[in-house]
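**Student:** The structure follows.
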Amino acid sequence: MTTPYDVVVIGAGPVGENVADRIVQGGLTVAIVERELVGGECSYWACMPTKALLRSGAALRAARQVPGAREAVTGDLDVAAVLARRDAFASNWQDDGQVSWLESAGIPLYRGHGRLSADRVVEVTAEDGTTTTLTARHAVVVATGSGALVPDIEGLRDAAPWTSREAVAAKQVPGRLAIIGGGVVASEMATAFSEFGSSVTMLARDGVLHLAEPFVGERVAESLRAKGVSVRIGAEAGSVKRNDDGTVSITLADGEQVDADELLVAIGRTPNTRDLGLDTVGLTPGEWLTVDDTLRVLGADGAPLGDGWLYAAGDVNRRVLLTHQGKYQARAVGDVIVARAKGEAVDDDRWGRHVATADERAVPQVVFTDPEVASVGLTAAAAEAAGLRIRVVDYDLAATAGSSLHAEGYQGHARMVVDEDRKVIAGFTLVGPDVAEMLHAATIAVVGEVPLDRLWHAVPAFPTVSEVWLRLLETYGR
Ligand SMILES: Cc1cc2nc3c(=O)[nH]c(=O)nc-3n(C[C@H](O)[C@H](O)[C@H](O)COP(=O)(O)OP(=O)(O)OC[C@H]3O[C@@H](n4cnc5c(N)ncnc54)[C@H](O)[C@@H]3O)c2cc1C
Ligand SMILES: NC(=O)c1ccc[n+]([C@@H]2O[C@H](COP(=O)([O-])OP(=O)(O)OC[C@H]3O[C@@H](n4cnc5c(N)ncnc54)[C@H](O)[C@@H]3O)[C@@H](O)[C@H]2O)c1
């Protein structure tokens with residue numbers, strides 16, 4: 001048994017690291033437990049390496065869309081160089097840099113698999129089988145993230161499909177890649193691998209990015225098709241077989257067969273809670289952790305577990321499966337644990353310091369497809385489902401002076417969803433080349449609940465694509 005820490009964090013992904021940092025900055029002691037690489041999924045198999053896989057293709061497209069630059073680009077994408085850049089962004093799957101950061105921040109690292117064994121007690125089993133018992137005076141934070149969900153499709157597991165990890169870390173580009181899924185991972189990986197030369201078939205049972213505004217999926221699917229991707233909306237895999245020659249055959253529900261060299265399964269995530277000792281504290285292993293506004297884990301009775309010693313942040317609480325939003329939760333969790341430990345007031349009002357209010361209706365996300373998709377807040381459908389009285393305002397991004405300069409043949413679209421009762425923006429979606437960097441203005445408008453009347457005074461610079469803000473307001477009317 002080691003000396004007790006004030007707080008123990010299980011999982012050193014982006015969220016766990018940030019929780020621990022806030023705890024230390026608040027003057028408490030903290031230990032962090034990690035069974036794989038410090039930095040988590042995001043650093044090695046998700047956000048950073050995927051964007052490295054996609055960025056070179058985007059840069060090449062951008063150059064090809066501008067006369068003068070276009071003529072200077074004579075070759076194709078150098079796939080080996082792209083993969084090498086990806087390796088560098090994944091730090092060659094070594095976590096020395098992040099471990100050094102923990103050391104410099106004064107956060108002791110316990111390498112091994114962490115499991116709860118009683119209230120405020122975490123057992124860490126190292127690779128060599130030795131165990132260390134960590135106790136927490138104030139709180140334990142679960143930040144164990146999520147893993148790829150592999151559905152119960154006949155033969156699928158035996159066929160050893162790729163999950164996002166294998167796709168993101170691929171050393172070779174398969175000649176034919178089949179993808180089950182039509183969500184964010186499927187769309188980004190279909191973009192990357194088709195640009196690398198794979199012949200991609202996307203089995204998008206429920207559509208492409210179907211939870212976004214409808215024009216998003218239409219434009220991304222159209223662009224994927226233009227890259228040669230076979231986008232099969234409504235197609236459902238019935239069974240899968242890995243053949244003796246190493247290829248994979250997928251039999252669809254309607255009996256048709258799709259053959260490929262590799263199969264990527266990208267249908268969502270499952271929480272890393274199966275082997276976490278949840279049963280020792282009255283919770284069910286394998287389930288997502290439900291939390292209250294200050295991210296305390298709730299028991300079956302809907303109340304914080306025990307005296308409220310257990311917290312969960314990031315993917316594992318299923319509020320929002322995005323790094324930036326998990327890190328936002330981490331700041332709230334770290335600060336509220338410090339406040340409670342010191343007997344200070346807890347600021348848990350809406351938009352207070354100790355709650356993650358933006359998780360509800362103000363989440364920004366960028367999907368790095370071609371075209372990019374940038375959105376924040378509610379779609380029109382989600383706003384209506386939430387009972388808001390809305391007005392939808394659409395504008396063609398190509399009709400701004402900035403976009404015509406940005407690229408020849410620029411195509412894009414913007415949608416603003418206005419909450420008519422409050423005259424504020426409830427949701428904003430952009431689709432088009434390089435729209436990612438335009439998103440934060442919308443996030444500020446949504447989080448700040450800036451009245452439309454005031455937005456008229458936020459004048460976009462000429463000639464930028466951001467002039468779409470003025471056009472949307474003009475379309476809405478004053
Ligand atoms: C392909 C892909 C691309 C993505 N791209 C983006 C993107 O561009 N932008 C974005 O915002 N989000 C993106 N995401 C989502 C993002 O990766 C996650 O939201 C983020 O990693 C969640 O952080 P986390 O700290 O909660 O969990 P994780 O990053 O999963 O980290 C959890 C850590 O806990 C460790 N762990 C788990 N169980 C235990 C245990 N029992 N004991 C010890 N350690 C344990 C794990 O080893 C891991 O290191 C992407 C996801 C995928 C799959
Ligand atoms: N750029 C980014 O921000 C980014 C990039 C990649 C991943 N992520 C995050 O990672 C998470 C996981 O991404 P994902 O794409 O795996 O999940 P997702 O939830 O985005 O998409 C899953 C898709 O699979 C479909 N699906 C579900 N079950 C199916 C089945 N049995 N057969 C066929 N299709 C099925 C769903 O309809 C959906 O379209 C997401 O929540 C996302 O937020 C973010």
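Even glycines carry a Cβ here, placed using N, Cα and C.
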**Student:** Please identify which of Gly106, Gly112, Gly268 is recorded by TrEMBL as part of the NAD(+) site containing Gly181, Gly182, Gly183, Val184, Val185, Ala186, Ser187, Glu188.
**Tutor:** Gly268
**Student:** For the FAD site that TrEMBL lists with Lys51, Thr144, Gly145, Ser146, Asp315, give the additional residue from the candidates Gly114, Gly277, Gly282, Gly352.
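**Tutor:** Candidate listed by TrEMBL for the same site: Gly114.
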**Student:** According to DSSP, which of helix, strand or coil covers Ser146 (FAD binding site)?
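**Tutor:** In the DSSP reduction, Ser146 (FAD binding site) maps to strand.
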**Student:** Residue counts in helix (H, G, I), strand (E, B) and coil for the domain 'Pyridine nucleotide-disulphide oxidoreductase dimerisation' (363-469), per DSSP?
**Tutor:** 36 helix, 33 strand, 38 coil
**Student:** Among Gly145, Gly181, Val185, Gly268, please name the binding-site residues whose Cβ is nearer than 6 Å to ligand 2.
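**Tutor:** The binding-site residues passing the 6 Å Cβ test are Gly181, Val185, Gly268.
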**Student:** Near Gly268 (NAD(+) binding site), which residues of its chain come within a Cβ-Cβ distance under 8 Å, counting only those 6 or more away in sequence?
**Tutor:** Leu149, Gly181, Gly183
**Student:** Fewest other C-beta atoms within 10 angstroms of its own C-beta: which of the binding-site residues Gly114, Gly145, Gly181, Gly183 fits that?
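**Tutor:** Minimum Cβ neighbour count within 10 Å, taken over the binding-site residues Gly114, Gly145, Gly181, Gly183, occurs at Gly183.
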**Student:** Averaged across the domain 'FAD/NAD(P)-binding' (5-327), what pLDDT does the model get? Just tell me the whole number, please.
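**Tutor:** Residues in the domain 'FAD/NAD(P)-binding' (5-327) carry a mean pLDDT of 98 in this prediction.
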**Student:** Anything from the recorded positions Cys42, Thr144, Gly145, Gly181, Gly268 with its Cβ under 6 A from ligand 1? List those in sequence order.
**Tutor:** Cys42, Thr144, Gly145
